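Peer 1: I am attaching a structure below and will ask some questions about it afterwards.
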Amino acid sequence: MERTFAIIKPDAVERRLAGTVIDRIEANGFTIVGMKKIKLSKEQAGGFYCVHRERPFFGELCDFMSRSPVIVLCLEKENAIADWRKLMGATNPANAEPGTIRRDFALSLSENSAHGSDAPETAAFEIAYFFNALELV
């Protein structure tokens, strides 16, 4: 079994779409092994997105991710990373396939409703950033 990390972003939580996204996650065979609702500070968002620190959108990204609560999840299944990325859809919702989370719920490229790890190493870092071992079942 493989684990991946997911975030239901502020734009989706604000519009009360978290339950719908969680339903889709479970309907697609994922086991939720960790989940919590949190309010990130700008500093916490910056630490999480540290790989983007030099990118021009970094400040805006940290502002967005800290403006209201998010749902962080650790998901498990065979091929979890690839399958979650497929279910999310392309980063740009205009390019996402119909039926994906971003195509169905995103407001824009920056407010795209969901985040997912892109590799096993990234998943390990992201899961550990938000969960300790006792919080994962």
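Just so it is clear, glycine is given a Cβ too, placed from its N, Cα and C backbone atoms.
Sharing the features that Swiss-Prot gives for it:
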- Lys9, Phe57, Arg85, Thr91, Arg102, Asn112: ATP binding site (BINDING)
- His115: active site, pros-phosphohistidine intermediate (ACT_SITE)
Peer 1: How many whole Å apart are the CA atoms of Arg85 (ATP binding site) and His115 (active site, pros-phosphohistidine intermediate)?
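Peer 2: It is 8 Å, counting Cα to Cα.
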Peer 1: What's the CA-CA gap between Phe57 (ATP binding site) and His115 (active site, pros-phosphohistidine intermediate) in angstrom, rounded?
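Peer 2: Their Cα atoms are separated by 16 Å.
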Peer 1: Please give the maximum pairwise Cα distance, in Å and rounded to a whole number, for the ATP-binding set Lys9, Phe57, Arg85, Thr91, Arg102, Asn112.
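Peer 2: That value is 22 Å for the farthest Cα pair.
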Peer 1: I'd like to know which of these binding-site residues, Thr91, Asn112, is least surrounded, judged by other CB atoms within 10 A.
Peer 2: Thr91
Peer 1: So if I measure Cβ to Cβ from Arg102 (ATP binding site) and keep only same-chain residues at least 6 apart in sequence, which ones fall under 8 Å?
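Peer 2: Correct list: Met88, Gly89, Ala90, Thr91, Pro93, Ala96, Asn112, Ser113, Ala114.
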Peer 1: Counting all other Cβ atoms within 10 Å across every protein chain shown, which of the recorded positions Lys9, Arg85, His115 scores highest?
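Peer 2: Compared across Lys9, Arg85, His115, the most Cβ atoms within 10 Å surround Lys9.
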